[in-house]
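These notes concern the structure reproduced below.
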Amino acid sequence: MATRSKVWISLLLALAVALSAPALRAEEAAAAAEEGEAVLTLDVDSFDEAVAKHPFIVVEFYAPWCGHCKALAPEYEKAAKSLSKHDPPIVLAKVDANEDKNRPLATKYEIQGFPTLKIFRNQGKNIQEYKGPREADGIVDYLKKQVGPASKEIKSPEDASSLIDDKKIYIVGVFTEFSGTEFTNFMEVAEKLRSDYDFGHTLHANHLPRGDAAVERPLVRLLKPFDELVVDSKDFDVAALEKFIDASSTPRVVTFDKNPDNHPYLMKFFQSSAPKAMLFLNFSTGPFESFKNVYSAAAEEFKDKDIKFLIGDIEAAQGAFQYFGLKDEQAPLILIQDGDSKKFLKDHIEADQIVSWLKEYFDGKLSPFKKSEPIPEANNEPVKVVVADSIQDVVFKSGKNVLIEFYAPWCGHCKKLAPILEEAATTLKSDEEVVIAKMDATANDIPSEFEVQGYPTMYFVTPSGKVTSYDAGRTADEIIDFIKKNKETSGATTTSEKAADPATTAETVKDEL
């Protein structure tokens with residue numbers, strides 16, 4: 001399911017942030033603390049009032065232990081000081097989303113990783129992701145554009161030269177007049193997508209640096225620094241405009257490396273719900289150019305297929321390798337993750353094998369690849385360890401009532417929960433119909449029966465195959481009480497085989513933590 005991808009998207013995007021974020025300078029953070037913070041500190045009690053008070057406010061959701069947050073802090077503070085002098089002032093705020101009392105805010109605004117920055121406009125009626133730079137000057141310039149008009153009028157070639165950056169995407173509406181349905185729809189899309197793209201509008205196509213000047217108006221022209229440099233559309237339906245911009249604004253083959261200019265395209269690639277083909281190899285050694293040329297030709301050949309293409313440098317893509325359970329020595333390798341979260345892998349691939357392997361995928365001839373830790377030889381602790389290769393036997397086919405926790409080794413809430421789960425499991429040890437288990441969700445593929453968007457996430461699976469999100473308290477007594485109230489006795493199902501296909505009775509409820 002598409003929503004389950006949010007967790008690994010946030011992990012991969014964190015790498016992009018790390019590559020582009022400035023290093024933390026301790027002396028600057030200390031100086032900011034001494035001078036008094038320009039960044040407004042909010043919590044669950046003050047959040048709504050602050051958003052209602054300011055027509056435009058940027059909020060950073062952070063965790064004190066997060067290295068990326070620490071790196072951002074002095075730059076965010078510098079930007080806040082500068083933007084406080086803007087007319088009108090632009091307010092920057094922050095919320096400790098790791099604090100228990102603020103977790104409802106993190107849930108409400110779907111915070112999947114740290115730091116996450118969101119722009120709140122019009123008393124919170126319009127909320128957008130912050131998609132700009134992570135250093136002070138870049139934050140300032142980006143936000144100044146965000147408080148101005150969503151689209152700027154281009155009255156001359158000089159205007160176009162000052163507004164259009166050849167290295168970025170720029171979207172221009174070319175009109176006969178600045179009124180009517182087409183113009184209204186264009187401005188609506190510009191307002192909605194302004195945090196992602198720069199927009200302009202003009203009456204004269206010959207003001208623009210590229211593209212046919214003798215065109216029939218109205219039209220939308222998208223200028224970009226890759227593939228074909230100019231793309232036009234005359235469909236002004238709002239949904240069609242958004243689809244046109246989305247389809248045209250990502251390179252046919254996205255590059256995953258340390259170049260920050262590629263990071264916006266990288267984010268769009270991983271945020272897409274379409275199947276993804278990813279070729280990983282060492283950019284600095286080996287026959288990189290031959291692989292790149294063959295892969296680019298393959299992307300062109302299969303451009304009408306519903307699939308996105310990426311070529312990644314293994315040095316920059318360690319976060320992806322960790323997520324997918326890959327090793328450097330397997331490269332060059334190609335991996336496909338489809339919309340159903342199935343993965344297909346070909347390691348040690350040769351350039352001349354790429355096209356034929358892709359054809360096998362499209363013809364349905366490939367077998368999926370599963371990421372799993374080894375099944376533990378001994379599993380004698382109160383909380384049982386589950387891996388991808390054992391989850392069917394331990395959870396769905398055991399004929400038992402299983403409370404399973406999906407956790408991440410680095411997660412602070414998971415570490416706090418661990419002894420509580422152990423206490424509950426020890427207390428229930430004599431109940432042979434109950435199992436409490438855990439799975440490292442960063443090291444194992446998660447079955448589609450579960451929707452895991454944050455850590456820890458817990459589910460309760462009964463012998464009949466019913467899957468329910470755990471939504472009770474986090475004390476041992478509350479966990480035990482939930483299990484006793486929801487468990488099925490041995491007489492509730494005829495055989496354990498009844499649970500062999502849990503998808504038929506799954507009642508998965510999202511547990512956003």
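Keep in mind that glycine also has a Cβ here, set from the backbone N, Cα and C atoms.
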Region 'Disordered' according to TrEMBL, located in which of 114-138, 489-513: 489-513
Helix, strand and coil totals (DSSP H, G, I; E, B; other) for the domain 'Thioredoxin' (15-148): 61 helix, 26 strand, 47 coil
Segment confidence, the domain 'Thioredoxin' (15-148), expressed as mean pLDDT: 84
Count of other CB atoms lying within 10 Å of the CB belonging to Cys66 (disulfide bond): 18
Distance [Cα-Cα, Å, rounded] between Cys411 (disulfide bond) and Cys66 (disulfide bond): 11
For the disulfide-bonded residues Cys69, Cys411, Cys414, the one whose C-beta sees the most other C-beta atoms within 10 angstroms: Cys69
Composition by DSSP (helix, strand, coil) of residues within the domain 'Thioredoxin' (369-488): 33 helix, 25 strand, 62 coil
